[in-house]
Amino acid sequence: MSGRGAGVTYLQAVVIALIQGVTELFPISSLGHSVLVPAWFGGSWESLVTQSSEANSESSFYLAYIVALHCATALALLWFFRADWVRIIRGFLRSLPASVRLSMRARRPRLSVQDKDERLAWMIIFATIPVGLTGILLEHAFRTLFAKPLAAAIFLFINGLILLGAEVLRRSTARRKQAGVPAVATSSVQPHAPAYAADPGYPGAPSHAAGPPHAPAFPHEPADRGAPASHRGPSGGRAAADIAAAERSDERISGLSYKDATVIGAAQILALLAGISRSGVTMAGGLWRGLDNEDAARFAFLLATPVILAAGLLKVPSLAGPAGAHIHGQVAIGFIVCGIAAYASVRFLVRWFQTRTLTPFAIYCLAFGLLSILRFG
């Protein structure tokens, strides 16, 4: 077996796959690291970045390889959250016919949403539209203009500032809650109530008083809450307690308005800049709208899944062209390594944010960003 394909060695393939699998989900920017790490190594590693920034997406073997890794990360997210995605997709399928009928009667777009799963499905759809459109239109321009080591270093430093600002905001919000002062106005909706169908951020809907994002979850228990875990749909291998915690988190997340969800999702546009983290900016948006770290991280991972998957699938054809002609072995190994690393990362981060904060990641981004600015400036 040769150690080198057309520009990507097997060692490079494994190292880049590990970096991609971890940094795509950690709030430290996978795109920034895919630019900076090879640049730090220099030599043939640095030529990967140089070639990818100068070539188009059809001829860049490095971009083709990164595309394959995106697909691996998306599959890892889908597998980890598979029970959640089954609930969300079922919710969407329940809501769609009723929403169509309601829109036809009202003669304008309206949503009929009866529970948290239906609502969360529409929130994810609305949140994905801005970054999807922007990515299609501007991804190439962002890559050619800003996928340089110095630019990536600057944006990584800025990413650290964003994470620090989000953490300061979270602590301020927590202190205000403890003092009995209303937090930043997040539009809260009473679960399982008719008001669910009228979102405060939706045109023509009545407004609702803001409520604490950690109001007691499930004040009206669903009919299957007392059933064994095996009777509640796919469990994804997680304990019943983990499933219940995930559902309570979804209840709190669904207290956001559609407008809030769309703004949080639109923050992912910043991640087109090498050095800005997708999960980091979406978590910051969630904290800004009153979620805590645990719920903000969960929402960020759910929002990231369709975006990462779409980004990969849209460019999969490049793997069948000249760019992927000589890296099939590297792609196969990297896909497996990246998928395992991404699964381990999301498993770790879900537990991390139950009790910990963004601060260590902010410090890392500031330090690595500053060192890289000094190195490449």
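Quick reminder: no glycine exception, Cβ is built from N, Cα and C everywhere.
As annotated by TrEMBL, compositional bias 'Low complexity' applies to 195-220. The region 'Disordered' annotation in TrEMBL covers 195-244. The transmembrane segment annotation in TrEMBL covers 12-41, 61-81, 120-138, 150-169, 296-314, 326-346, 358-376.
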Considering only the recorded stretches 12-41, 120-138, 150-169, 326-346, state which has the highest number of Cβ pairs under 8 Å to the transmembrane segment (358-376).
150-169
Using a Cβ distance cut-off of under 8 Å, indicate which of 12-41, 61-81, 120-138, 150-169, 326-346 has the most pairs with the transmembrane segment (296-314).
61-81
Should anything in the same chain at least six residues away from the transmembrane segment (326-346) have a Cβ under 8 Å from its Cβ atoms, list it; otherwise answer none.
1, 5-10, 12-14, 16-18, 20-22, 24-26, 61, 64-65, 68-69, 71-73, 75-77, 79-80, 301, 319
Who are the long-range neighbours of the transmembrane segment (61-81) in its own chain, taking Cβ under 8 Å and residues 6 or more past its ends?
5-8, 13, 16-17, 20-21, 24-25, 34, 48-49, 51-52, 55, 236, 301-302, 304-305, 308-309, 311-313, 315-316, 318-319, 321, 323-324, 326-327, 330-331, 334-336, 338-340, 342-343, 346-347, 350
Sort out the residues at least 6 away from either end of the transmembrane segment (12-41), same chain, that have Cβ-Cβ distances under 8 Å to it, and list them.
48-49, 65-66, 69-70, 72-73, 76-77, 147-149, 152-153, 155-156, 159, 163, 271, 273-280, 283, 301, 304, 308, 327, 330-331, 333-335, 337-342, 344-346, 349, 358, 361, 364-365, 368, 372, 375-376
